[in-house]
Amino acid sequence: MGTISSVLQWSCTKCNTINPTESLKCFNCGTVRKVFPQQQQQQHRSSSITASWTADDALEQEQAEKGQERDKEKGRAAVARSEYKHVYKSLLRGCLKRPQRNSQNLPANCVDCEDTRKYIKSSIELYRHFSNPALNRRWVCHACGTDNSSVTWHCLICDTVSYLAPIYKDAIAADRGQDLAGSLGNRGELLAADHSHPHHHHHYLHQELEEQHQHQLHSQHLHKRHLKGRSASGSGSGPGSGSGLRRTQSLSTAIDKSASGRSCHICYANNQSKDIFNLPQIKPAPQLTGIPPVAACSNSRFAIANDTFCRRKQNNNNKNQNHKVVRESGAKRKYNFTITTLSRSAAKDAGHGQMKPLRQVVNLNLNLQQEPQQKSPANPQQLQRKTQREPAAVSMNPTQFTIPRNGVFIAVNEWSEPMASSSSVSSSSNHHHHHHSNSNSNSSGNSNIINNNSSSSSGSNKLYENECVALAQQQLRAAAAQAAQAAATAVAIASSPSAKAMAEPAPTATMPIYAQVNKQHKLKKKQQIASESQTNNNTGSGEIADAVSESLTAGLGTSTDGSGEASESESQVEEHSIYAKVWKGPRKATESKIMHDPGSSSRLSGAASAAAGTASAGAIAAAVGAAAASRHDNKTQLGNGSRSKMWICIKCSYAYNRLWLQTCEMCEAKAEQQQQQLQLQQQQQQQQQHHHHHLQQQQAEAPRDEPWTCKKCTLVNYSTAMACVVCGGSKLKSISSIEDMTLRKGEFWTCSHCTLKNSLHSPVCSACKSHRQPQLSMAMEAVRERPDGQSYEEQDAAAVGGGGGSAHQSGANEVKAPTALNLPLTSVALPMPMLQLPTSTAAGLRGSRSPSPRMQLLPSLQQQRNSSSSGAIPKRHSTGGSIVPRNISIAGLANYNLQQGQGVGSASVVSASGAGSGAGAVGASTSTKKWQCPACTYDNCAASVVCDICSSPRGLASAVLGEALGRKSVRVALTPADIRQESKLMENLRQLEETEALTKWQNIIQYCRDNSELFVDDSFPPAPKSLYYNPASGAGEGNPVVQWRRPHEINCDGGAYPPWAVFRTPLPSDICQGVLGNCWLLSALAVLAEREDLVKEVLVTKEICGQGAYQVRLCKDGKWTTVLVDDLLPCDKRGHLVYSQAKRKQLWVPLIEKAVAKIHGCYEALVSGRAIEGLATLTGAPCESIPLQASSLPMPSEDELDKDLIWAQLLSSRCVRFLMGASCGGGNMKVDEEEYQQKGLRPRHAYSVLDVKDIQGHRLLKLRNPWGHYSWRGDWSDDSSLWTDDLRDALMPHGASEGVFWISFEDVLNYFDCIDICKVRSGWNEVRLQGTLQPLCSISCVLLTVLEPTEAEFTLFQEGQRNSEKSQRSQLDLCVVIFRTRSPAAPEIGRLVEHSKRQVRGFVGCHKMLERDIYLLVCLAFNHWHTGIEDPHQYPQCILAIHSSKRLLVEQISPSPHLLADAIISLTLTKGQRHEGREGMTAYYLTKGWAGLVVMVENRHENKWIHVKCDCQESYNVVSTRGELKTVDSVPPLQRQVIIVLTQLEGSGGFSIAHRLTHRLANSRGLHDWGPPGATHCPPIENVHGLHAPRLIT
């Protein structure tokens, strides 16, 4: 914007203040700018008449004009000096900035630069007024009279352009070209006549040239550019008529520049005085023989260029320095530099000028001037005549003007200058253009510069600001006429022999651009872009000119110059054919080139110029033919020419980069990167074309008269059918021999980068271009991880090596794809496990692997267990043993089982295969010397059948493998979203789920409305199966439910008023229990009713639904679910509700009850329960149960209850508004029914805890019976004498209410079993993970990452048991343990952090403050280990819910094989009771809070075993993880072992544990007389190795 603001300004004639063009008044004095000269309007009106003149009339007018003009010039010479002084005085004062420090030294008149050169050299600066984008322009539209005040130059009413709008200089040239369009239409006939009379025209032309030369010398002192008057002739060729818009110029390279290397012009000095910077005086140029002299305007212009100069200092405060540098860069090694800058059309000229060195340009033009004299002396005379008749502006050499391309042209009233137009170029492109060389030397020693100015004799009128609207309308009208003229000219060229020398391009209408600024958006490398663009155009024109350049060398040179001129005029059409209303930001450099082909006009112009300069008629005809062919080719390319010359950048996706550019215009990425992509696309296209051609050829070669068989359905079709008449299959695909392109197994290799399957013969991936890696590296990269830490490939390769050459040879013929298995044994440098078994085939080794544990694995494992426990020791062999190794794959194990079934021992197999090959035997002997114990990781000798340290048998590995496979099968079913999660705000999760549920509900409502139906839930229909487990027996006698009614059909005591509502300020007293024994749910609802917001969160549908569809959000077994129910409720024969209801005709109680019944299967499933279950279901919050009885503890404890601690917990829970419920007479309490009834209590009943108070030393609790009646009758009852007036007013201000009572804390401890607390919090985060409680191992293991200290609640849920009857229910014992861990990659059990109680309940939980660290969560359950569940889909499911005050990261991982044993050992060491049985031996017992017993023995002896006998046979209602209640084990030295884990079987009944521990020291691992021979554990621990395997003391 800086450069543009420097030219969009005008000088006040009164005070010389510089004002921006947008302002119509002077900022300083208020003088109104003059914009309507009357003389210009008259000239404008005359311009419209000029266009209609013929060429003959124009010639006569030119001759008359010359005589009149010479008479007038003498009179004008006297006043010329005063006129140009007046003009430049105002310009100089406007452009000069007077510095404050030198204002007193500034002369009053700055016209004479000689008097002020010292001051000018030191203080002249170009004043630039910075643009104000928010400046509003106020002007009156001349068309409709609207007073406009906006930033645009267009009227808001009629869209008329303002007469004040600035315009570009190119629009002036376009206007002149259109004015001459009519007069030049018949010029072809005149030119043809000139060729037929060369002598006559030579004499006439020579006379005019002499007069022109005399007038040229005289016009050097008159400065015709400043004359206001102009002849009415529109096409006169006299030198006196060649006045135009005058632009001040500067010599950018002729002086010693400032430090910044920038210069410009401001003031004017006449050519009679010496130049203030020692510029040479202009001398009359010698006239060469046969060369037409340059017009007066040309010399005058060059004289002014030498006499005009200004100096601009570097302005450090100028904000447009970067833009100035770009402007000056285009002006290097050039003479003339105008303040009225060109637009982007000058880019091509500037670039073309830079292509040639200055000396080369001089020599080229001199040669072009001399060659026509030598070869064709008559042609210059003819051309002299024609040159005077034609506008000379077409010969403007690009080396003369290098003008910045960023800017606009401001039309000054009294200035004019010749411009090249499209019409003048097209009409004169068939002539030689001889340029007068005027060489001058300056003080800087620059090279000679060609000044090829030509006087313009066109009749184009001056363009002023008030002509903008007329010009726009005239351009539109002239477009159609020029298009018709182009067609007529093409026909004349093709038909007329005399017109063969003409090949002018069709003139294109040029639309002016108004008020469009900052057109060049890309300033960087614009000279290079322009140069490349011009080079491309010259190349295109040179191709046509080569056809005729052999006979005349000048033809080629003229063709090149002509192409530059044509590209200049064409660029005006291309660049300025946009009518811009307002400036909408910088345009891209290639924006105007999208719809135009820049090579079209240049090629035509070059061909025509070459043809015109050729004497041979045959060469001319050839050139015309070449031009016509070029025109025809270009017509076919115009449609896609822009896209075919563009390339797309793969880095930034910019699609309009010109083809000749080496870098992207947007991101400057190199175009070399596109070559590979283009080549690839070409190859693909060629392949597709070849394939298509091949198919067509085969179809053509196929016999036409024979039937063909469809490949899809095998139907024989007639030969005339092109598709199968049955299945529509293609005939071409059926008869062709082209196979399917899909690569089959063994015919491809997989890319390691993009996983694309490529053909084997392709060394490079066709997608990512990655090279194919060697087979060995590919095999190494595809290492698959085993559950036990090693890879399948390691033991596969080891199996091949152990098997020797026979195994390798047998598998080599079956494997097609190259793998590591069929490579030479010496090249496969893979790590070998200690002992491996051979495989039959490599294909079987890879193909039979499966994650499922049910693949005929268990029978063989059982056989192995029996053989290992029998004590039979196989025959020793140096190459192997009879026990299945630890590191063996599934396929290897299957092969091993197959070999066992054939009666072949593994030892003999290894021996036989090892003898097959020498290399194989060596590999087998080196890899089987030792084997690693899976229990203690000790490397044992190959001859040992049991571990030398822990005495674990080799067969233990098979059990470990089966356990790992089971874990893997379960883990495969988990999705990545289930494995790794992040905790989220509970409120956000609720809103998200409600939004999803609302969409489903709206669809149902819309369906019901469209069909005029009421919603009926078919998944929970109004039928007996929704009431009972067994509908047949339950629907018999005593069934109170007779019918199902909707709310408006239910009979109520209050009648029809008030209407039914979902909520009416829910209160605990509104709940009324029905005949169903679901007090646990209603007591939880009563607690929820204390907080209305919690009740409304449960019911998603909070308003009455006319269609009867409601949604309830519940948390079943730890997982949130939205339940959809209808409003059909069970009623008796009188129409009253049978089950729970709410007073005041509210629906929230029966609807919630029905939703809970639906998720559990039926209403009968709601019978009996605990309030904590109801609270967890309704809120989903973590819950805790505080036992109030010693018998309620999970394990009888000698410690008494801490009553004060319990009371403190109740008080604190009430303070934070936790929800609480009390269980009366439940659990293991001994209940006296009569005593409870006398006290007003119901045993096995749930009550709501409404308040907890410690007042005046009394500990009181406020309870409520869900029945709404039957209250407490003991101490602190409503009629108790313990109440004082103060206490009654404080605690019962509204008096007694039915079902609500106060009771002392002591009575609660006596009559109640426990108090359940629901920890409802706001602003907490939650995450819920789903897992499986697999028997015989621990599968639910979670890695927890705490990023900042947080308070956390952990709750482990199991699947609900209410879906089945009580007799079929069996709950698991649950426990969740939290450990610290060090490495997240390989987590191991660390220090114990916290654990929950192990209880046989629906869920257990614990609470802990966690620091920033990594934790390991282990979920435990034991009482289902020996239930015989084999189907993984029948394994019990669990959900781990984690609530935290801060956000957490959780990830489900696969536990290590011994993680369960390490967890129990760590837990027992921390929480268990320690018993020193003997020296070096310690026994640990874990009973408290464990719902069973854990016995763990530690052997600290270094070289002695400890035999331990544990007898628990007197216990009842417990189960053992060993499968038996009596165990015998041999604990190795320096190791610990979990001996037995006893678990409560039924949670409702009590249990008893009696254990007796006997131990002794031994010098060997065997049990001797305590067990079978050779046994170390009885019963064996293979099935439970993960829990009962000995572990090293760490």
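Note that Cβ sites are derived from N, Cα and C of the backbone, with glycine treated the same way.
Of the candidate ranges 488-518, 643-673, Swiss-Prot annotates residues 643-673 with the feature zinc finger. Residue with Swiss-Prot feature phosphoserine, selected from S52, S250, S630, S736: S250. Counting residues of the zinc finger (704-733) by DSSP class, helix then strand then coil, yields 3 helix, 6 strand, 21 coil. For H1245 (active site), the same-chain residues 6+ apart in sequence whose C-beta sits under 8 angstroms from its C-beta are C1079, C1224, G1225, N1265.
The number of other Cβ atoms within 10 Å of the Cβ belonging to N1265 (active site), over all protein chains shown, comes to 26. When secondary structure is read from DSSP and collapsed to three states, C1079 (active site) falls in the helix class. H1245 (active site) falls within a strand segment according to DSSP.
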